Every structure is written in C-alpha cells, then in structure tokens.
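Features reported for this protein in TrEMBL:
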- 189-320: domain 'Heparan-alpha-glucosaminide N-acetyltransferase catalytic' (DOMAIN)
- 116-137: transmembrane segment (TRANSMEM)
- 192-211: transmembrane segment (TRANSMEM)
- 231-252: transmembrane segment (TRANSMEM)
- 264-283: transmembrane segment (TRANSMEM)
- 303-321: transmembrane segment (TRANSMEM)
- 342-362: transmembrane segment (TRANSMEM)
- 423-446: transmembrane segment (TRANSMEM)
- 453-475: transmembrane segment (TRANSMEM)
- 487-510: transmembrane segment (TRANSMEM)
- 522-539: transmembrane segment (TRANSMEM)
- 559-577: transmembrane segment (TRANSMEM)
Amino acid sequence: MDQALLLIHNELLGTDLSVYWNSERCYHCLLQVLVNVSGNGKPGKPSIAAVAVSTQHGSILQLNDTSEEKEVCRLEYKFGEFGNYSLLVKHVHNGVNEIACDVVVNENPVDSNLPVSIAFLVGVAVVVAVCFLRFLLSLDDFNNWISKAINSRETDRLINSELGSPSRAGQLGDDTRPEAWRPSAVPLRLRCVDTFRGIALILMVFVNYGGGKYWYFKHSSWNGLTVADLVFPWFVFIMGSSIFLSMTSILQRGCSKFRLLGKITWRSFLLICIGIFIVNPNYCLGPLSWDKVRIPGVLQRLGVTYFVVAVLELLFAKPVPESCTLERRCFSLQDIISSWPQWLFILMLESIWLALTFFLPVPGCPTGYLGPGGIGDLGKYPNCTGGAAGYIDRLLLGDDHLYQHPSSNVLYHTKVAYDPEGILGTINSIVMAFLGVQAGKILLYYKDQTKDILIRFTAWCCFLGLISVAFTKISENEGFIPVNKNLWSISYVTTLSSFAFFILFILYPVVDVKGLWTGAPFFYPGMNSILVYVGHEVFHNYFPFQWRLQDNQSHKEHLIQNVVATAVWVLIAYILYKKKIFWKI
C-alpha cells in the first residue's frame, strides 16, 4: 500500500550508480540511499535494480556516479500506487554527450483516492435523500397519509399491550446504576456548540481508527496541516466555550464558587487518570512497567487545560448582563473588556511560551530551534526534535515516559522520543481554550442578537487569520513560526481558532437561529463526548470496530472498516441520547 515498483535500468557501461531518494514533503532533508546499480551490463542488456518507492507524495531522485561521487541526473516524479515504472539512464548522442534519465510507465497505477471520492458521493446522496424526505413530510397530503398509517398500527399495538405486558424494571426509581450512567434531563444548551464538538469528535474517532490509511488523515510529519491536525484543537476550543456556558449556568443556580472549584479539581483529576489509563494499553504484551508508562496524552492535556481555564474564569467570574440591546447599557466590546484580568494572564502565559521556545538554551541545539531533527536541516541536528519543547519534556519527564513513535519519524527518521502532547505545548492549548471561552461569551453576552454575534465571529476569524499570516508568511516552512501540530505553535493555535470562529459563524444561524439543520448526526456524540472518546479508544481492537480484512493492502477495505466503526459510535451516541443517558465526570 502507498508504494510503486521502480526498475532502474543502467545503460551506462562501466559506471556504477548510487540512487538517492527523498520525499518532496521532507523540508531541507538529507537524501537517503535508495539502491546501488552496477554498470556491468552489456550493450542492449543494461543492469537492472528493482526497488519500492513511496506514492504518498512526490519523490526526489538523484543519481550519482558512485566512483566519482558526481551527480549524473536529478528528477522529481509523483509515482502512483501499485504502478510499475522504469527509470532509463542512458547516453544521448545529440552532438553533445549527455546523460538522460527518463521515467517510463510499464503498468498504470490504481486511483487510490477513488474510494474516498465514492464515500463522499454516497454521503452527499444520503444527505440529499434525508432532505428530500423531510421536504415530503412537510407536505400536508403526504404527512396526513403517513400519520393515518402510523396511527392505525399504533392503535393495534396499544390494544395488544393493554391485554398484558411485562413491567419494565427500574421504572419506579429503583435505578441501581452508578450516578454517572443514570438517565438525566437534557440540559438547556446551544445546539451549535454540541454539534461543533460532535464534528471534531467524529473526525477524531475516524482519524484514530486509521482514516482508511490515507496520508491526509494522518498527522503531518512536522510543519503543515492535514485533516488529522484539525480535530484536537477544535475540541479544545469548543471545550473552552462549554466551560464558560456551563459555569455561568451553575453559578446562576446558586452554587458557591468554593464548591464549584472542588468539582473542577475532581473533574480535571479524573480526566488525567483516565487519559493515563487509555494511552498505556498492554493487551497481549504482559504487565506494563512503571518505568515505561507514558505520562502525556490527549485527555491529560484536556484535564490540565480545563483546570487552568475553568479556575481562571471562576476567579474572575462576573454576572452576565441581561441584555445588550441598547448600546448605552452594554459597551460594544464588553465581552472583552470585562475579561481583562483573564486576558492579562493569557498574554503572560504566551510570553512564557515564546521566551522558552526562542531563548531557552538547549544542549547541542541552536537556540530557538523549531525543526524536527533527524535528517531535517541536512542532518545537522539529529537529536534536537522539537527544540525547547522536546528538551523540557525529556528533562522533566524522561525519555521513557514520552511517546516513542512521533509522526516526525515517518519522513524525518527521528531517533529521540517526542510527545506532541508535551508540557510546553499545553500553554498554547490553554490559549486556544480561552479563545473558545471568548466565543462562549459572545454567544451569551449578545444572545438573541444574531447580527452582533456574527459580526464578532467574523472579526475574530479575520483578526486571528491575519496573525497567522504574519507568523507564517503564508508559507508552510519559511515563516517566523510555522503552523505545527507537534509543537502546538502559536500560529497553529491562531489558524485553527480562526477556522473555529468561521465554523461557528456557519453553525449558529443554521442550527440555533433558523433551525435549518438539527446538527444530526454530530449533535448526538457531541452530547456524550467523554463516553465516545474513551469507548473508541478502549474498544479499538474489538468487533465491530475492527475485523480481519481480506486484503490488508487495500485503502478501500480500510476505509470501509473505519467508516463503519465511526458510524457505530454515532449510533451508540444516538441510542444513549434517546434514552437520556449521559456520562459525566
């Protein structure tokens, strides 16, 4: 999978060739030896070497004369999956004795993206069918016909049930389940917030299950963005919005700040403990040594982020004004001005991130290094992965307590442990959650004023987008601070927060104001996010979330499996929602 066969024909008699390779996505990387081809062939019978090449990205090939270490030719080519290619290296006699390197397609590749296109079209067809059905149900004649049919069957069912039916256990309040699992009333909340959380969560589940083994559903090796890089920060952002909305509601019901602080502390502790449990599976590997336990992780970062942001908002909590209809009564920037102590704290935190990232001396590495190490930067700093962020984690937590297979290993062949959920990146996670708090304040301070809310969403989207442009110079690798999920760079936070405000700009009027969309099916997992996240991690290797594939090298089969597994969790969330069962911690 994601490979092609390349046959290298060396027609240069007496000249041994060394073939070097690299991916075009590998920034400033050392070329890696791919294969050596001897020059001992005969006229008409060149020496041939066969090698597998990657098809995920374009390839850079450089052929050198082995004895003289002189470049013979260099080319860039995008190979297709399961294709069969020949690279012909020969002399060209056109008055000047030149060497030509030409790629010939022996067998056409397959279209590996076709399954994704088909899945997308099927999804669109389902959406169109549901919308058409809703349109039919809105027609009086069709609706009356359906109602008569249903009422007829319902009458028969009620008659049968009255004749005698078994009583349902637990209906009279004898529920013996743990409190977290008991049905509870659905809280009054904005559907767009839960829908956004559900979108991020379902994408996260799909990505964690493999995403059909496509590279763009995996995390970027270093700088840049893929689909997988979007979901976690969006989840952090919407968690910030939920913190403010739920905390305001709890305080309005008369809960004391001291009691709420206890709940915040306990919830954060549980998130961290559950996270450590999830990221350290041992299934068939035997007992896990404490010396090898990974400490950072997704839920751990959520726990720390939640605690800091929630406590910060609790300390400076103020009553929300009843109405901002009159400009005299409600200053146009009150949602920002009223939070000046929180903003001051957040700016101080970000200053700490910038100072540590760019000024902390790291042994053996240049100060302010933001690169991946390994073969990046022409192999000058192989053990400097993540610069200050990696150094702080290795110093405080130890190599054995960090993630051992970071995404940087794929292209950059890094050798040191690096954790994308490390200590330093948590600072920017807090910043992103606080930007989510700001979105929540806009929704609450200007409730029932759709125009004001949308104007502020637009302003934040543009403002954060301009900051990202300044940091990155609209470049993947050449900016001052590139967008980088592994580092959780500030440009990564501003870029994804800009996207988040844009999504809320779309969802709020469509879902909550006009009611054109209920948020289904994303709304249901959004209402039970902890259960879905923990469940999909714990039951990852169980049927029906995973089964033996007939062809393990098929993107199509992996995609079907991952889509089915994700859909099952959506179904589970829907059933729990209908039964009013919500897992809260």
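Residue 1 is the first one shown; counting continues down the chain.
Every residue, even glycine, has its Cβ placed from backbone N, Cα and C.
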Candidates 116-137, 231-252, 423-446, 453-475, 559-577; stretch with most C-beta pairs under 8 Å toward the transmembrane segment (522-539): 559-577
Touch test for the transmembrane segment (303-321) and the transmembrane segment (423-446), at least 3 Cβ pairs under 8 Å: yes
The domain 'Heparan-alpha-glucosaminide N-acetyltransferase catalytic' (189-320) [mean pLDDT, rounded to integer]: 91
Within the domain 'Heparan-alpha-glucosaminide N-acetyltransferase catalytic' (189-320), residues counted as helix, strand or coil by DSSP: 92 helix, 1 strand, 39 coil
Sequence-remote partners of the transmembrane segment (559-577) [C-beta within less than 8 Å, at least six residues beyond its ends]: 115-116, 119, 186, 198, 202, 205-206, 209-214, 521, 524-525, 527-528, 531-532, 535-536, 544-547, 549
Chain residues in Cβ proximity to the transmembrane segment (487-510) (below 8 Å; excluding those fewer than six residues from its ends, i.e. six or more beyond): 190, 192, 195-196, 199, 225, 229-230, 233-234, 237-238, 350, 353-354, 357, 370, 386-387, 389, 420, 424-426, 428-429, 431-432, 435-436, 439, 443, 450, 453-454, 457-458, 460-462, 464-465, 467-468, 471-472, 479, 481, 516-517, 519
Chain residues in Cβ proximity to the transmembrane segment (423-446) (below 8 Å; excluding those fewer than six residues from its ends, i.e. six or more beyond): 190, 193, 233, 236-245, 248, 296, 301, 304-306, 308-309, 312-313, 320-321, 324, 330, 334-336, 339, 342, 346, 349-350, 352-353, 356-357, 388-389, 392-393, 396-397, 452-453, 456-457, 460, 464, 487-490, 492-493, 496-497, 500-501, 504, 508
